[in-house]
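Novice: Would you mind keeping the following structure in view while I ask a few things?
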Amino acid sequence: MTQPSVILATASYDHTIRFWEAKSGRCYRTIQYPDSQVNRLEITPDKRYLAAAGNPHIRLFDINSSSHQPVMSYDSHTNNVMAVGFQCDGNWMYSGSEDGTVKIWDLRAPGCQREYESRAAVNTVVLHPNQTELISGDQNGNIRVWDLTANSCSCELVPEVDTAVRSLTVMWDGSLVVAANNHGTCYVWRLLRGNQTMTNFEPLHKLQAHNEYILKCLLSPEFCEPHRYLATASSDHTVKIWNVDGFKLEKTLIGHQRWVWDCVFSVDGAYLITASSDTTAKLWSMSTGEEIKTYQGHHKATVCCALHDGAEPSPS
């Protein structure tokens, strides 16, 4: 198989993962995933593998193969894996689970390398651009920074007591972090470097983005500069695009019929892909707010999407 330059994948409660031609909307490969639903998809930086976070395992699939079988399975979580992602060189993977743990996996060795206890179901984990801190958000409303160098929790904060943190996102340059919760609120902090390497959170803004759940929040990528956006996907069927400069509402993306679970920007920030309970994924133009393409083929809720349309990192 020749590898497309744009890798777009979605997963659904119908127990399949689908790969799509982004421009034509054609599904060119379907992987059956009978063991559980898939909660999260992530593509490795080199575009070789797709990680699918399920219950309670993470499976790694070869993007350039037609095989249904994973090349690797990571099995030490004991409940739904809600977050998965990769270090920038693709050497290791991180995950967060409803079993209350955040784990780190070396992709070149079997088994979990490190484990951090959050003491509540972990809904979201992001890697700071410095590649040495993980930030997690859990069902009890805790946000924790895990310092990988010191191997400990370096910071804890609770924006709203007993309100689940559903999604976290960090600006590509490490300047901002946003947490979205079940009340439709986004909390925004400036990230400041203290005398040590520890990151300090300085409250910047509180945004009442939706009246219902926010299921995903996402800051725009580096190549979107000088424009900086925050996308919020909600159970109110919409995605809202906010200008980070003042947090003014720029656009509301209307077209999905049910909850919007996930979203991902193209590498230049010109497009957004969304995944919804209405069984579809959609491609949107960020300049017009118009829907360009609908990806149809799943039979049940489409709950996550992954996109990699950038260059692979040059080997260091």
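Each residue, glycine too, has its Cβ placed from N, Cα and C.
Computed from a predicted structure; not experimentally measured.
What TrEMBL records for this protein is below:
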type	residues	note
REPEAT	1-30	repeat 'WD'
REPEAT	74-108	repeat 'WD'
REPEAT	115-156	repeat 'WD'
REPEAT	207-252	repeat 'WD'
REPEAT	253-294	repeat 'WD'
Novice: Take the repeat 'WD' (253-294) and find every residue of the same chain, 6 or more past its ends, with a Cβ under 8 Å from one of its Cβ atoms.
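Specialist: Apart from its flanks, the repeat 'WD' (253-294) reaches 8, 10, 12, 20, 22-23, 25, 40, 213, 215-216, 218, 220-221, 223-224, 227, 229, 231, 233-235, 237-241, 300-307, 309-310.
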Novice: Which whole-number mean pLDDT does the model give the repeat 'WD' (253-294)?
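Specialist: The answer is 98, the mean pLDDT of the model over that range.
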Novice: Pull the DSSP breakdown for the repeat 'WD' (74-108) and write it out as helix, strand, coil residue counts.
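Specialist: Residue counts for the repeat 'WD' (74-108) by secondary structure: 0 helix, 19 strand, 16 coil.
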Novice: Which residue counts does DSSP give the repeat 'WD' (253-294) for helix, strand and coil?
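Specialist: Across the repeat 'WD' (253-294), the residues distribute as 0 helix, 22 strand, 20 coil.
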